[in-house]
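A quick write-up on the structure given underneath.
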Amino acid sequence: MGLKHFLEKIEPHFLPGGKHEKWYALYEAAATIFYTSGAVTRKAAHVRDALDSKRMMILVWLALFPAMFYGMYNVGAQAFGALTPDLLQQSIANDWHYALANALGINMSSEAGVLGKMLFGAIYFLPIYATVFIVGGFWEVLFATVRKHEINEGFFVTSILFALIVPPTLPLWQAALGISFGVVVAKEVFGGTGKNFMNPALAGRAFLFFAYPANLSGDAVWTAVDGYSGATALAQWAAHGADGLKNAITGQTITWMDAFIGKLPGSIGEVSTLALLIGGAFIVFARIASWRIIAGVMIGMIAMSSLFNFIGSDTNAMFAMPWYWHLVVGGFAIGMLFMATDPVSASFTNVGKWWYGALIGVMCVLIRVVNPAYPEGMMLAILFANLFAPIFDYFVAQANIKRRKARSNG
């Protein structure tokens, strides 16, 4: 008996009137992973496309794999470079991540190979991702069951994005709390996928940032070594300017290429602009992400950073950061490619996408440069622009209506 035949045989038990009717959402989610849904459009508009929403979300999920794999490697590389023999023994005794790595025979030294560093990073990343997926999935299933509709595919992307934009040292209970806020408050309360006006992954991270700032910011959360402090490149530039960009382990200057590749501490999936561009190019080529939004973000960022460069400041080193550094440090790349382009919370109209993207680029640089307390600005910039996306679309639509009326009257 083939899998498709088996699924078709048990389907009646999950349909209305069947003995497992209340579990239809779970059946539908499992069945459509392997086969395209047989549902058809019953009213306008009718769209023919080989790529349904589930496949689209899975492609975005896969596009994040380069950043995910490099992020796991970098977690290990940063930790092993900072470890001393005393710190290693202390960590094995007090941290279950290190105890597990030791039990698996992983060489936890700067001489470790790529695979060893990646496996160590996986010990930090995978529990966070599993926690986020299970807890967030629970809320998705609960709301789908209560509302009697299918489980939405967007959670594939929300879960991995959330896990990639947090520090590797984030406690698992906070990961569960953050994704709960993102899924329930930022999405399901407003009706679920397609009706949320904010990016759920970013909303969950913002909640954790304001509720538990010690675990989402500062110098002690980016390197997976207990008691070790290592500032991000943004924090170093904000404190000492370009001359302050130093590798905390080797003392060598961090070059632009180092930052582009991702040889620096940060959230798991945001460090490598190169890996993010590979995945971003894929979703743009597949026409999943809007190139207009990405271009708008870049234009806004370049314009605002150039303005600050022109103005200059004797007291604020961030005024001097050029646009090409803004691109490769912090969460700019992952935000621009994978969060600003969220089709639900972004603008729908083509003109609106340009304005929406430009607002994100401007606000990101503005927050990074002017905000004295926190050097990163991409998260807040995207959430701020999410609020304005409907306004941009409204004015674009009104302008089109006026233009058509003028044309018909002329």
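Yeah, the Cβs are placed from backbone N, Cα and C, and that goes for glycine too.
Annotated by Swiss-Prot as transmembrane segment, the relevant range among 98-118, 266-286 is 266-286. On its own chain, THR232 (FMN phosphoryl threonine) has TRP222, LEU264, PRO265, GLY266, VAL329, GLY330, PRO375, GLU376 as residues at least 6 apart in sequence with a Cβ closer than 8 Å to its own Cβ. As a quick check, the transmembrane segment (377-397) and the transmembrane segment (119-139) miss the bar of 3 or more Cβ pairs under 8 A, pairs 6 or more apart, so the two do not touch. Spatially, the transmembrane segment (266-286) is not adjacent to the transmembrane segment (347-367); fewer than three Cβ-Cβ distances between them are under 8 Å for residues at least 6 apart in sequence.
Tertiary proximity for the transmembrane segment (159-179) is limited to same-chain residues at least six positions away from its ends with a CB under 8 Å from its CB atoms, namely 61, 64, 67-68, 71, 75, 121, 124-125, 127-129, 131-133, 135-137, 200-202, 204-205, 207-208, 211-212, 215-216, 220-222, 224, 267-270, 331, 334, 338-339, 379. In terms of C-beta pairs under 8 Å, the stretch of 119-139, 293-313, 318-338, 347-367 lying closest in packing to the transmembrane segment (56-76) is 119-139.
Taking Cβ pairs closer than 8 Å, the transmembrane segment (293-313) reaches residues 280, 284, 319-323, 326-327, 332, 336-337, 340-341, 346-347, 353-366, 369 in its own chain, all 6 or more past its ends.
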